[in-house]
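Chemist: Annotation source Swiss-Prot lists S-adenosyl-L-methionine binding site at Gly85, Phe90, Arg155, citing sequence analysis. Swiss-Prot lists 7-21 with the feature compositional bias 'Low complexity'. For 1-25, the entry in Swiss-Prot reads region 'Disordered'.
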Amino acid sequence: MASRHSPQTAAQPDAADKAQALRLTPVSRETETRLDAYLDLLRLWQAKTNLVAPSTLPQLWTRHVADSLQLLALAPTARRWLDFGSGGGFPGIVLACAMAEHDGGHVTLVERNAKKAAFLREALRVTGAPGTVMLADIGDNVDRFPRALDCITARAVAPLHQLIGFAAPLMTEGSKVLFLKGQDVEAELTEATKYWKIEPQLHASLTGGQGWIVELDRIVRHAPSTTNPEAAAHDRH
């Protein structure tokens with residue numbers, strides 16, 4: 001009798017998970033092949049570098065890949081992306097795999113952990129996806145980051161008001177941000193409006209649960225106010 005941990009039994013839930021993800025967020029055969037290569041590499045590295053929560057490994061396609069791919073529908077013409085805190089590559093590597101089909105497609109992946117940055121570089125090499133890895137903290141001098149971006153992303157990196165602060169200097173006419181957030185999105189938006197004038201669009205995650213995508217296409221910092229000492233202190237920093 002086969003062990004419950006055998007490749008045969010492990011492959012079945014993975015195949016079902018993949019099929020469900022591709023129903024939610026269809027991709028071309030070429031992109032699917034790149035994503036397969038990426039996930040094979042992730043599983044290999046996961047043993048020595050914690051790239052994703054171990055409990056989510058059986059649902060890599062739905063929990064992570066589809067969650068990342070859904071951003072493409074919200075920015076269908078975007079070709080130049082920047083992903084803050086790329087970690088294990090969600091959404092950055094997934095987006096890069098999709099951008100390989102488009103002329104001028106490119107994803108800049110910003111990651112402060114050297115081991116994870118090394119993984120991201122290897123993932124770009126193995127998949128042939130167009131991208132660049134920057135070993136940097138997302139709070140570093142923004143002059144280091146590329147300009148002329150179409151879309152800025154982040155997933156499970158920092159509170160919303162901080163992410164907006166990191167993205168604001170990189171925004172140009174026609175660009176947008178897409179931040180993947182969880183069940184506390186309303187509280188985070190309330191906090192963010194203390195510091196920023198924003199008109200967010202909220203999109204429920206296609207992958208279910210309590211996930212949300214915050215879409216912003218304009219960010220303006222509130223002027224320092226003596227009636228809002230907390231915002232004024234934030235502005236000084």
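Heads up, the Cβ atoms here are built off N, Cα and C, so glycines get one too.
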Chemist: Sort out for me which one of Gly85, Arg155 has the most neighbouring CB atoms within 10 A, since those are the binding-site residues we care about.
Modeler: Arg155
Chemist: With H, G and I counted as helix, E and B as strand and the rest as coil, say where DSSP puts Phe90 (S-adenosyl-L-methionine binding site).
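Modeler: Note: Phe90 (S-adenosyl-L-methionine binding site) is coil by DSSP, not helix or strand.
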Chemist: With an 8 Å cut-off on Cβ-Cβ distance and a minimum sequence separation of at least 6, pull the same-chain contacts of Phe90 (S-adenosyl-L-methionine binding site), or say none.
Modeler: Val52, His64, Val65, Asp67, Ser68, Arg155
Chemist: Residues other than Gly85, Phe90, Arg155 within 8 Å, Cβ to Cβ centroid, of the S-adenosyl-L-methionine site?
Modeler: Ser68, Asp83, Phe84, Ser86, Gly87, Gly88, Gly89, Pro91, Gly92, Thr153, Ala154, Ala156, Val157, Leu180
Chemist: The record lists Gly85, Phe90, Arg155 as binding S-adenosyl-L-methionine. What's the largest Cα to Cα distance among them, in Å, rounded to a whole number?
Modeler: 9
